[in-house]
């Protein structure tokens, strides 16, 4: 049953990612901004959910897995990031490729940590 | 038309999320690694597969189903970052650095290999 929940939530996350990608789509775009924004937003969301919401709210493991692993996990993606980086290399946009990877590393860790720090602030009250 | 593309992405996402969850459960139950090996595996394997699909120049519908849907949901960025932050907070600095470098280097390198391999058979 838990697998079904994860699957349904995962399909919603994937469709939302695709929908946002369509909304941001520009044929002449030099930088994969849509994947980056989705990944950064999702990193914050998962850290906040895991560190704060799931520890406070009395949710079943199935619901937690569906939302965290299923929905947010599928909303964000790593394979697209890898392929987009390779595409930038192929287009000989080496600096953009490096910038993309660095923004993803630093931005992703920062957003994830920010999601966690929400907990610390709240618990210290 | 537009409904079909969303349904294809949704079906791929359904299977991809379940496959990722199943692998993480399997690894958690049977192994203990210093780095989150299940996430490394899905991210690196999924990057290879998406590179392969792109190199093969599969049709739009297959790319939406297997690429955007399956590979997109099979791999994950949010869990990768959360696990990295958790390693960092637990003062496991070496594991944190190794996890980050291994995922990016492995993912990008295998996406490239997959793409080249796909081009051979294209």
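The backbone N, Cα and C atoms fix where each Cβ goes, and this holds for glycine too.
Caution: TrEMBL annotation is automatic and unverified by curators.
Sequence annotations record features per position, and here TrEMBL assigns Na(+) binding site to B:72, B:75. When Cβ atoms from all protein chains are considered, those within 10 Å of residue B:72 (Na(+) binding site) total 33, not counting its own.
The feature transmembrane segment is assigned by TrEMBL to B:6-23 (among others). Remote same-chain partners of the transmembrane segment (B:6-23), defined as residues 6 or more beyond its termini with a Cβ less than 8 Å from a stretch Cβ, comprise 38, 41-42, 46, 61, 64-76.
Taken from TrEMBL, the feature transmembrane segment applies to B:35-55 (among others).
Listed by sequence, the residues of this chain that lie at least six past the ends of the transmembrane segment (B:61-84) yet keep a Cβ under 8 A from its Cβ atoms are 4-5, 8-17, 19-20, 36, 39, 42-43, 45-47, 49-50, 53-54, 96, 99-100, 103, 107. If you look up TrEMBL, you'll see B:61-84 (among others) marked as transmembrane segment.
Sequence annotations record features per position, and here TrEMBL assigns transmembrane segment to B:96-117 (among others).
Every protein chain shown contributes to the tally, and the Cβ of residue B:75 (Na(+) binding site) ends up with 31 other Cβ atoms within 10 Å. Sequence-distant contacts of the transmembrane segment (B:35-55) (same chain, at least 6 residues past either end, Cβ-Cβ under 8 Å): 16, 19-20, 23-24, 26-28, 62-63, 66-67, 70-72, 74-76, 79-80, 83, 87, 95, 98-99, 102-103, 106-108, 110-122. Residues 35-36, 39-40, 43-45, 47-55, 75, 80, 83-84, 87-88 of the same chain, all 6+ positions outside the transmembrane segment (B:96-117), place their C-beta atoms under 8 angstroms from a C-beta of that stretch.
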